[in-house]
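Over in Swiss-Prot, the protein carries these features:
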type	residues	note
BINDING	Cys62, Cys65, Cys92, Cys95	Zn(2+) binding site
COMPBIAS	137-146	compositional bias 'Basic and acidic residues'
MOD_RES	Ala2	N-acetylalanine
REGION	117-154	region 'Disordered'
Amino acid sequence: MAGPVKDREAFQRLNFLYQAAHCVLAQDPENQALARFYCYTERTIAKRLVLRRDPSVKRTLCRGCSSLLVPGLTCTQRQRRCRGQRWTVQTCLTCQRSQRFLNDPGHLLWGDRPEAQLGSQADSKPLQPLPNTAHSISDRLPEEKMQTQGSSNQ
């Protein structure tokens with residue numbers, strides 16, 4: 001289990017604003033302006049406090065107008081094929097900005113990979129310091145000093 005989270009209150013506030021935007025759209029789909037305001041506020045708080053948001057949250061917010069992207073309500077989702085790869089294209093219905101996401105079932109986001117987790121990093125063995133190969137003259141043994149001085153006199 002991870003230790004105490006820095007800026008816990010800020011993350012709770014971001015979570016509340018994100019959930020409030022979802023609730024507003026679920027209750028009244030016509031009230032997109034209030035949901036957009038909640039998402040914009042969440043985005044500005046995260047920027048001001050330099051907090052990293054989860055990629056799944058970032059994918060559901062429009063980067064242009066800060067609208068909550070709900071397929072069929074505030075955005076359209078299309079499956080496209082380009083150069084043999086399949087892409088999901090989300091287009092915001094408010095500002096017409098589109099985002100493309102690669103459809104790769106084997107793709108894992110960095111945060112979902114095992115090496116990104118703090119617990120697995122703590123379990124790995126600690127790094128050993130490298131031996132210092134560059135010795136100064138003062139680090140040499142007295143016999144070595146005598147040998148070098150004797151060879152220089154010859």
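In case you wondered, yes, glycine gets a Cβ from its N, Cα and C as well.
What you are looking at is a predicted structure, and each value in this text was computed from that prediction instead of being measured.
A C-beta separation below 8 Å, combined with a sequence spacing of at least six in one chain, links Cys62 (Zn(2+) binding site) to Leu68, Leu69, Thr74, Cys75, Cys92, Thr94, Cys95, Arg97. Its Cβ taken as reference, Cys92 (Zn(2+) binding site) is surrounded by 21 other Cβ atoms within 10 Å in the chains shown. Look at the Cβ of each of the binding-site residues Cys65, Cys95 and count the other Cβ atoms within 10 Å; the largest number goes with Cys65.
Compute the center of the Cβ atoms of Cys62, Cys65, Cys92, Cys95, which mark the site for Zn(2+); besides them, the chain residues with Cβ within 8 Å of that center are Arg63, Gly64, Ser66, Ser67, Leu93, Thr94, Gln96, Arg97. For the recorded site, Cys65 (Zn(2+) binding site), the DSSP three-state label reads coil.
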